[in-house]
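Worksheet: the structure to be examined is printed underneath.
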Protein chains: 2
Amino acid sequence: MSLPLSMTDTVAGLRDEVQSWREAGYTVGFVPTMGALHAGHISLVRTALQRADRVVASVFVNPAQFAPGEDFETYPRTLEEDAAKLAEAGCHLLYAPTVREMYPTGFASAVHVDGPAFGLESQTRPHFFGGVATVVTKLLNQVRPDTAVFGEKDYQQLLVIRRLVTDLDLGVEIVAGETLREGDGLAMSSRNAYLSAEERGRAGQLNLILKDLAQEAASGKPLETSLLHARTRAEEVFDAVDYIEIRNAHTLQAIETETLEEPARVLAAVRVGKTRLIDNMAV
Amino acid sequence: MSLPLSMTDTVAGLRDEVQSWREAGYTVGFVPTMGALHAGHISLVRTALQRADRVVASVFVNPAQFAPGEDFETYPRTLEEDAAKLAEAGCHLLYAPTVREMYPTGFASAVHVDGPAFGLESQTRPHFFGGVATVVTKLLNQVRPDTAVFGEKDYQQLLVIRRLVTDLDLGVEIVAGETLREGDGLAMSSRNAYLSAEERGRAGQLNLILKDLAQEAASGKPLETSLLHARTRAEEVFDAVDYIEIRNAHTLQAIETETLEEPARVLAAVRVGKTRLIDNMAV
């Protein structure tokens, strides 16, 4: 039987609850989210529950990782439904701080990560990973979990966070949560809610294009040919293609060989109407 | 009776020792240093010992806070003497990591602080506080102490670290350790070892100039007049004056009033021969 879900919107409330768990000898898992929870998030919570005695999920739409003109204002906020889903999943604590709690007057610090943050998402969203690194450093220091789960859907973010945790000695095990997909293979994302029916129809093509690209690359075809093919297909379906790439799976560095000789990942970002979709998969 | 001093040069060794203290219910204090320990450092260790059951001191000359051409290579390294002094003071653990342990291959993260880091030291050493903020974030996450002691001698650094600890939720109490002075009032500093006898004679003037400036400002004299007087005196004695300023004691922001109406601090950096000296005091 699971305990009822507690809720807090303050660092002090969070620390009190985690402290009481620590005193009882429990291990602590953590799942940071921006809310608008779907089955993919709940799967991350289940992964955390398998690895820790008590699990905190955070819901915080972090202004620091949105640029002006991006969807910070319109990002879906569904805290009541989120709480119900977390309670049902057996999560123990929902931490939903305000912007003022996270960034009080006088806030003046930032965490910057290079390495895996270079290129891809950073090309289109140059301030994104700085905002992510700063808020994740704060959240991990606030919760001090044994384990934190991040979805592979945001694969570059996952590698940036692994780098950050190693570099700043944050002392937490980072676990990758697999990407959940809809029936047509579209990766689950809170931003899928933005899609019109027509756009939703096209969106499902992204994972198919990536799947074919990964198969071609794995089969030993020249990477340039496979990439050209995938990009051409994507440009026919989508309103813009930010990138489609094959990169080293661990460093995200460009692959210099003609055909594939190292562990690799295919990654893409495209626009469908006003919605930006990202996806990735192992080769 | 004090325990013998343990020593480790690895994060793992440090964490093992701190973990065993935690399991025994001890509180933990921390004093980060760059070594070349003098009575001022030992006073910080004593402050930590008053507040915590067990105390770690670190000795690490952090390359990230030195610019090319500064004294990273020549900075005094006296680990054996440092260990003897720490043992005598009753410190429990000396943590002296290598550069490779702190910044392994692939290291790609940095912490940046604005606010109190703006101006003063940053004018002459623009990368200094970035290097300090990054290494202090690492050290505090490695040790996870209850209390950490930083000397008021580096007053701007103390405020930067308070800002950092608040902003990144590092969950440690920062305690200010008072500045120890030689007979003529010269603030103790590892860099005083660089001074020739002639330079050492002049160096003692810095604290006298600051003391007079603080008294004039406190007495209600116009700040511009007092500052001009102090700067003129300093330029006569020293080979260069990087800055002499009166700033808000909490924010280090410039003071806009003609005479003093807020808590303030006088701060200075000067050059004597090739040696850069800094000092500060309350008004």
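Quick reminder: no glycine exception, Cβ is built from N, Cα and C everywhere.
Automated prediction, rather than curation, is the source of TrEMBL annotations.
Taken from TrEMBL, the feature ATP binding site covers B:34-41, B:151-154, B:L180, B:188-191. Feature annotation from TrEMBL assigns active site, proton donor to B:H41. Among the features that TrEMBL reports, beta-alanine binding site is placed at B:Q65. Among the features that TrEMBL reports, (R)-pantoate binding site is placed at B:Q65, B:Q157.
Structure coloured by features recorded in TrEMBL.
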{"residue": "B:M34", "record": "ATP binding site", "DSSP (3 states)": "coil"}
{"residue": "B:G40", "record": "ATP binding site", "DSSP (3 states)": "helix"}
{"residue": "B:Q65", "record": "beta-alanine binding site", "DSSP (3 states)": "helix"}
{"residue": "B:E152", "record": "ATP binding site", "DSSP (3 states)": "helix"}
{"residue": "B:Q157", "record": "(R)-pantoate binding site", "DSSP (3 states)": "helix"}
{"residue": "B:L180", "record": "ATP binding site", "DSSP (3 states)": "coil"}
{"residue": "B:S190", "record": "ATP binding site", "DSSP (3 states)": "helix"}
- Item | Rounded Cα-Cα span from B:L37 (ATP binding site) to B:Q65 (beta-alanine binding site), Å | 18
- Message: These are the binding-site residues: B:M34, B:L37, B:L180. Which one scores highest on other Cβ atoms within 10 Å?
- Response: B:L37
- Around B:Q157 ((R)-pantoate binding site), which residues of its chain at least 6 apart sit with Cβ under 8 Å of its Cβ? B:E121, B:F129, B:V132, B:F150
- Message: Return the residues near B:E152 (ATP binding site) by Cβ distance under 8 Å, restricted to its own chain and a separation of at least 6 in sequence.
- Response: B:L158, B:A176, B:G177, B:E178, B:T179, B:N280
- Task: Identify, in sequence order, the residues in the chain of B:S190 (ATP binding site) that are 6 or more apart from it along the sequence and have a CB within less than 8 Å of its CB; answer 'none' if there are none.
- Result: B:M34, B:G35, B:A36, B:L37, B:H38, B:Y75, B:P76
- Note on the structure: One finds that other Cβ atoms within 10 Å of the Cβ of B:G40 (ATP binding site) number exactly 20
- Message: Between B:H41, B:Q65, which of the recorded positions has its C-beta surrounded by the fewest other C-beta atoms within 10 Å?
- Response: B:Q65
